[in-house]
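S.K.: Heads up, here are the entries from Swiss-Prot:
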- 1-34: transit peptide (TRANSIT)
- 75-81, 103-105, Arg368, 394-396, 477-479: GTP binding site (BINDING)
- Asp76: active site, proton acceptor (ACT_SITE)
- Asp76, Glu77, Gly78, Lys79, Asn101, Ala102, Gly103, His104, Thr193, Arg207, Gln287, Thr302, Arg366: IMP binding site (BINDING)
- Asp76, Gly103: Mg(2+) binding site (BINDING)
- His104: active site, proton donor (ACT_SITE)
- Thr362, Thr363, Thr364, Gly365, Arg366, Pro367, Arg368: substrate binding site (BINDING)
Amino acid sequence: MSFTSSLRLDTNPITSPKWVHRQVPLRPHRNFVVCSIKSPSTPSLNLATDSASTDSLSRINSLSQVSGVLGCQWGDEGKGKLVDILAQHFDIVARCQGGANAGHTIYNSEGKKFALHLVPSGILNEDTLCVIGNGVVVHLPGLFKEIDGLESSGVSCTGRILVSDRAHLLFDFHQEVDGLREAELAKSFIGTTRRGIGPCYASKAIRNGIRVSDLRHMDTFPQKLDILLSDAASRFQGFKYGPEMLREEVEKYKRYAERLEPFIADTVHVMNESIEQKKKILVEGGQATMLDIDFGTYPFVTSSSPSAGGICTGLGIAPRAVGDLIGVVKAYTTRVGSGPFPTEILGQGGDLLRFAGQEFGTTTGRPRRCGWLDIVALKYCCQINGFSSLNLTKLDVLSDLPEIQLGVAYKHADGTPFKSFPADLRLLEQLKVEYEVLPGWKSDISSIRNYADFPKAAQQYVERIEELVGVPVHYIGVGPGRDALIYK
C-alpha cells in the first residue's frame, strides 16, 4: 500500500532531566481488561460469528505448543488482555520472572474486579493450570491476598496454582530496604515500584536468599532468616532489626508454610513432563524487554530478564521447546519512573496521550510518561526475542490526531546515523530522533472488528510499522474489552 509521509528531525536532544521521574498531579485512573470465567457449555471466545471469528480461532490454534507473550517497551503494553484471551486455548499459563511489580486489573463477566500481581492471568479460565516458576520472587502475604480475593469471588484456586519450590521468597523487609535504597539515591533514583524486587534478587545473587523449599525445614529457617535480616541491618542504618522481629517473622512464616504447602511443586518437572505430554503452555512475561537487566536501559531497569532468555532460566525448560513468541507493543510509547525515553512528548502533547490512554500504572498508580512509538527500540526488542508476531495495542487512542509520528532512526548531532540501540546512556542522551510523519484518522475505531474496515490512514500506520520492523502485526487492540481485538 502506498502512502505519503515526511521525515522530521527532532532538534531537541534527549536531556538528563527527562530521565528522572517527576510526580505529576494527575488523578490516577487505572487501565483494565475484560475477561470471563469459562464454563464448559460456553464457547471459549466471545467473538463475532463471521469470517473474523474463524480467522481468529485459526490464528490462535496455530500457535506452537510452548508460546510466550512478552513486552516490547518499558512495560504496561497490555499483555494481560492477550494472555487472558489466549489462555482459554492453553493447558498451562506460567510466570517465569519478576514478582508483584508486574500487575494488571481484570474483570470477570459480572464486572467483578481482580487486581493480580503474582497469580498468572489464566486463573479466570477454570481449565487452566497456573504456574509460578522458579524465576519469580514470591511475596507470600501478597500471594495469599490475591488467592483470598479470587476464592471469595468464586474462583477456585485449589489445585490450580503451583509455586516452584526453587522460587525465592520476598519478605516485607525487602520492600522496606527498597525504599531506603531509593532514598539513598536521592536525585538519581531509579523509580522502582518499591515492591522489594531488587533487594530480593540481590539476596538471590549473593546466595543468602531463602527459597520456597526452605519453608519445609523450619528447624533451619530461623538461622537463614537471621542472616538475611542482619545483612540488611548492617547495610542500611535506617533498618532496625532485633530479636523480637526475628521471632515474629519466624512465627508468621510457620503459618505461611502450612498454608502454602498444597501449592508447592517441582515446577521444572511439571513443565517438562507437560511438554512430553504435548500439553499447550503459554508463558506470561512480566515487565518488558527494555527493562531487562542485561538489555534494558541500565541501571533504569528491573532486576530480572523479561525477554526470551528469561523463559528458559525462569521455568527450567530447554530453548528448543519454545516456539512462537508474541511481542506486545503500544501504538505509542509509555514509561513509568526514571530512565531514558528518546521519543517522549513533554508538556501538553504528553498530557493529551496520558488522559486519552488512561496511562496510570496498575501497580503504583503513577502517571506514565508518554511519547511516540520508537521504531529503533522496537526493532532492538524484536532482534533480541525473535518475535513471530506482534500485538499492537491501544491503536484507538491515536484517533483524531491530525498526524502521527514514528521515531524511525537515531542520529548523531552532525547528522550521521546511529544504527543500533546504544548501551551507553550518555551517548543516548546526545542522539537525536528522526521522525516519520504519517497522516492521522478522524474517526473512532474502537467499535471496528475487522481490519479491512479500518480507515486507510490507520491501515497505513499498522503496515508501516510492519515494514520498518520486519515482523507481522497479527493482533490489534482497539479498546479494553476482550472483543476489542482485531486479528490481522
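Positions of Cβ are set from backbone N, Cα and C atoms, glycine also.
Since we're looking at a predicted model, the values are computed, not measured.
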S.K.: If you count other Cβ atoms within 10 Å of each one's Cβ, which of the binding-site residues Gly75, Gly78, Gly103, Gly365, Pro367 has the most?
M.R.: Gly75
S.K.: Please work out the number of neighbouring Cβ atoms within 10 Å of the Cβ of Gln287 (IMP binding site), leaving out its own Cβ.
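M.R.: For Gln287 (IMP binding site), the 10 Å Cβ neighbour count is 30.
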S.K.: Nearest to Gly365 (substrate binding site) by Cα, among Gly78, Lys81, Asn101, Leu395, Val478 (binding-site residues)?
M.R.: Asn101
S.K.: By the count of other Cβ atoms within 10 Å, pick out the sparsest of the binding-site residues Lys81, Arg366.
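M.R.: Least crowded of the binding-site residues Lys81, Arg366, by Cβ count within 10 Å, is Arg366.
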S.K.: Going along the chain, which residues six or more apart from Leu395 (GTP binding site) have their CB under 8 A from its CB?
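M.R.: Listed in sequence order, they are Ala331, Ile445, Ala458, Tyr461, Val462, Ile476, Gly477, Val478.
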S.K.: Taking each of Gly75, Asp76, Lys81, Pro367, Arg368 in turn, which of these recorded positions have a Cα lying within 10 angstroms of the Cα of Gln287 (IMP binding site)?
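M.R.: Those close enough are Gly75, Asp76.
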S.K.: Taking each of Asp76, Gly78, Lys81, Asn101, Gly103 in turn, which of these recorded positions have a Cα lying within 10 angstroms of the Cα of Arg368 (substrate binding site)?
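M.R.: So the list is Asp76.
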S.K.: Do me a favour and check the Cα-Cα span between Gly75 (GTP binding site) and Gly103 (IMP binding site); whole Å is fine.
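M.R.: If we compare the Cα positions of Gly75 (GTP binding site) and Gly103 (IMP binding site), the gap is 10 Å.
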S.K.: Take the Cβ of Asp76 (active site, proton acceptor) and count every other Cβ within 10 Å, whichever protein chain it belongs to.
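M.R.: For Asp76 (active site, proton acceptor), the count of other Cβ atoms within 10 Å is 26.
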S.K.: Closest of the recorded positions to Pro367 (substrate binding site), Cα to Cα, picking from Asp76, Gly78, Asn101?
M.R.: Asp76
S.K.: Distance between Lys81 (GTP binding site) and Gly103 (IMP binding site) at the Cα atoms, whole Å?
M.R.: 12
S.K.: Between C-alpha atoms, which of these binding-site residues comes nearest to Gly78 (GTP binding site): Asn101, Gly103, Arg366?
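M.R.: Nearest candidate: Gly103.
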S.K.: How many other Cβ atoms sit within 10 Å of the Cβ of Val478 (GTP binding site)?
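M.R.: Around Val478 (GTP binding site), other Cβ atoms within 10 Å: 25.
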S.K.: Count the Cβ atoms, other than its own, that fall within 10 Å of the Cβ of Asn101 (IMP binding site), considering every protein chain shown.
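M.R.: Step by step: centre on the Cβ of Asn101 (IMP binding site), count other Cβ atoms within 10 Å, giving 26.
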S.K.: What is the separation, in Å, between the Cα atoms of the residue listed as 'active site, proton acceptor' and Gly103 (IMP binding site)?
M.R.: 9
